[in-house]
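K.L.:
Can you read through this structure? Questions will come right after.
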Amino acid sequence: MKLRVCVRLKCLWFYVCPQERRREFEANLEKEGLELETEDKSDSKDHKTYFLKIHAPWNVLAKYADILKIKVPFKESDFPHGREVPLEFLSCPFRLPDSIIHPQPDYFTSPFDKNKVEFFLISDKSTFFPPSTRNRIVSGRYWKKARNSEPEICFYISKEICDAEVGGSILMCPLCDKKCPFWKLNSTCLSSWQSHLFDNEGTVFFAIFMGIWVTLFLEFWKRRQARLEYEWDLVDFEEEQQQLQIRPEFEIKCTNRRLNKITQEMEPYLTIHSRCARYSLSAATVLFWISLIVACIIGVIAYRLAVYAAFASIIKDPMRRIQLVGRFITPQLATSVTASCINFVIIMILNFFYERVAIWITDLEIPKTHLEYENRLTMKMFLFQFVNYYSSCFYVAFFKGKFVGYPGDYSYMFGKWSKLRNEECDPGGFQQAPGRHNPENQYSRWEQDYILLNFTQLGLFYEYLEMVIQFGFITLFVASFPLAPLLALCNNILEIRVDAWKFTTQFRRPVASKARNIGAWKEILNAVAILSVVTNAFIMAFTSDMIPRMVYLYAISRDKSMKGYISNSLSVYNISQIPKTNMPEENWYDNSTVTCRYRDYRYPPGHMREYDHTMQFWHILAAKMAFIIIMEHVVFVVKFFVAWLIPDVPSDVKARIKRERFLIQEYLHNYEVERLKLQLSASFITEPHSETTLTPDMTLTSDKLEVLSEC
C-alpha cells in the first residue's frame, strides 16, 4: 500500500504563478521518485476542482527513512513488562479497553539502513512504515532545505457571628462613603459559615500537600515522558535533524552571509544592530501590552469601588427596607458579579489581540530555527495569559482589604479626591458577596478530508496553553478554593473525550513531527510549581484568618477557646469622630449607640494611643512572617527530597535501552559476519582453477579460507 497525499491544485499559489511553475513543481516531485495521480475534476463536488494524489513507493520511503535515521523494529522484545507507576489501577476507569486501541507488539528498534534490509523485521513492505512516518517523509519540510468536616474553632466563630446576642449586638461601621449604612455583624452569618468551611487549620495541611503533589506530578511526568521517549524511538533522536534547521523566513529576510564553523558553509545571519533594534521593539511591545492588562484590571477595580455605593443606595438595609430577595442580593454580591462579567469580557477581548501581537513580535525577532521560534512564542503567549488570567486573582488574594485604613482615616485608590474608597472584607473573610457535515456516499474520501479544518502550526500550542493555565489555577490559589483540583479533574475527563472527537472528525491529519519533550512548557510548569508554594504561603498568612485565630487561642484567650475572638478582632471607633464625608446620608442605627466596629487591631477611643496599632497587631504580623518562612522551607525541602528520591527515568526503561543497544551491536555483528561468509563463499566459487594459475589461486583461496575460518 502506498502513501497517498491529496493536494488541491486550485489554490492561490497556482493563481498567481504560471502553469509552467506548476508543471515544474510536479516534475520535481516525480524526480524525487514520487508517483502522481490526478483525479478528474468532473468527479469533484463543484466540477471545477481536481485533486492530485501523491504516492510514495518503497524506494522513496526506504531512501528517506535511511536519511532521517528512522528507527524500525529488528527483533521482538523479550523484556518483561513492569508497572509504570504505583496504584496504576486507579486510572483504569479512564483508559480505553484494548479492544478499541488495539495495542501493538513490542519490538526492539534500530535506525533504518536501506543496505541492510534483511536485518529488519519486514513482513510486508506496504505496511512496514506506519502512516505517521510515511506522512513525515512525503511532507519533506524537515529534511529538505528551503530555498528561499467543620472544625470546633470554626464552630465558635460562626456561632458568635450568627448569634443575635453577639453578632446582632455589634454595629459595624459603613463600608463606603455616604451611601452605605451602619450594619449588624450577624448579617454576614451565611458568608462567615462559607468562609470558615474552607478557612481552617486543615487548609494548611492541604496547601502543604498540594505543594508536594505538584512535585510528584512533575516527577511522574518526567518518568512518563522517558517511557514514551523510548516507546516512540526518541532516545537517540537529535533535534538538529528537524527543529534546529534554519527557518525559510530567516533565510529570506537575512541577506548577510557568514561562514558556519561547524558545517563550513556560508549561512545567513542577523547583524547585531538589527538584532538589538528588533529585540528592543519586541520588549517595548511586551511591556506595553502588560501595562494595558494592568490598566484594565485597575479599571475593573475602580468600577467595583464606584458602583458599590450605587448598589448600596439601591439595596439599602437588608433587614428593614428591602424584600426577601435583598437578604441574598447584597451590594458586595451585585458588585462582584457585574465586575466579574466585565473582567471576563476584557479577558476575551485581550486574548483575541494577544495571539496576533505575540505572533507579530516573534516574527519581528526573526528566530533562526523552528525550535527557537516555538519557544519564544510560547514564553510570550504564556506571559500575556499569566497576567491576563491571574492578575484579578492576585488582587483579591493579596491587595483587596489589605490597605483600607480606619473610619477616621480611610485609604482611597487615587487619593481622597477620587472618592474611590478601597474595598473591605467582612469579618467572616468573604464578601457578601465544527466542519461541514455531508453524507459520505456523495463525496470522495479526499473531498471529505479536504473540507476538514486545517491543523495549523499552533494547533497543539493552545492545548498546552489551556492545560498550563488550568495547572496554574489549581496550584497558585488552591488554598483559597480547595475544590479547584476536583473540578479540574472532572473537566479534564470530559476534555479528553471532546478532544478525541475533535481531532478525529473535525481536523485534517497533521504532519507527524518528533520531539523529545514538551520544550519550553516544561520550564514554565517548574516555575509555576515553585511560585505556587510562595503564593499559597502568603494566602494562608495574609488572606486567611488562621494566624490571628491561633494567636488569640494560644496567647490571648484565658480559657484556651475561641470564645470572644470576634469581639477581639474588631476595633472600636467613636461615631461622632467619623468625618461628614464618610457618614451615611441616613442614620440607619440606634442613636443610643455611640461606637461602631471595624476589622483591625487598633487602640480604642480615649486611649493615649487611640487608633494606633496594638501590640497584638505586631504579634500577628510576626507570626504571619514566621509562618511563611517555615511553610516555604518545609515544602521546598520536601519537594527537593522527593525530586531527588524519584529517578527521572524508570529502571525498567533504562534496562530496556541498554538491552536494545546490546542487541543492536550483537545482531549487527552476526549480520556482518554472515554477509562476509556469503561474499567469501561466492568469491571462492566464481574464481577459475586453471593449471597456469593454480598456485596463486590456491594461495588466494587459502587466505580466504583462513579468514572465513577465523570469522
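For all residues, glycine too, the Cβ spot is worked out from N, Cα and C.
Where the annotation comes from TrEMBL, it is an automatic prediction and has not been curated.
Quantities reported herein were computed from a predicted structural model and do not represent experimental measurements.
According to TrEMBL, the protein has these features:
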| type | residues | note |
| --- | --- | --- |
| DOMAIN | 19-139 | domain 'Anoctamin dimerisation' |
| DOMAIN | 187-429 | domain 'Anoctamin transmembrane' |
| TRANSMEM | 202-221 | transmembrane segment |
| TRANSMEM | 287-312 | transmembrane segment |
| TRANSMEM | 333-354 | transmembrane segment |
| DOMAIN | 438-660 | domain 'Anoctamin transmembrane' |
| TRANSMEM | 467-489 | transmembrane segment |
| TRANSMEM | 524-543 | transmembrane segment |
| TRANSMEM | 617-646 | transmembrane segment |
K.L.:
Who are the chain neighbours of the transmembrane segment (202-221) in space, where the CB to CB distance is under 8 Å and they lie at least 6 residues beyond its ends?
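P.N.:
Answer is 85, 149, 151, 475, 478-479, 482, 485, 525-526, 529, 532-533, 536-537, 539-540, 544, 546, 631, 634-635, 638-639, 642-643, 646, 648.
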K.L.:
For the transmembrane segment (617-646), give me same-chain residues lying six or more residues beyond its boundaries with a C-beta closer than 8 angstroms to one of its C-beta atoms, as numbers and ranges.
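P.N.:
Sequence-distant neighbours of the transmembrane segment (617-646): 204, 207-208, 211-212, 214-216, 218-220, 223, 529, 533-534, 536-538, 540-542, 547-548, 550-551, 555, 600-602.
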K.L.:
By a Cβ-Cβ criterion of under 8 Å, what residues six or more beyond either terminus of the transmembrane segment (467-489) are in contact with it?
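P.N.:
Beyond its ends, the transmembrane segment (467-489) has Cβ neighbours at 198, 203, 206-207, 210, 214, 382, 385-386, 389-390, 393, 397, 521, 524-525, 528-529, 531-532, 535-536, 539-540, 543-544.
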K.L.:
Please give the average pLDDT for the domain 'Anoctamin dimerisation' (19-139) in this predicted model.
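P.N.:
Per the prediction, mean pLDDT sits at 77 for the domain 'Anoctamin dimerisation' (19-139).
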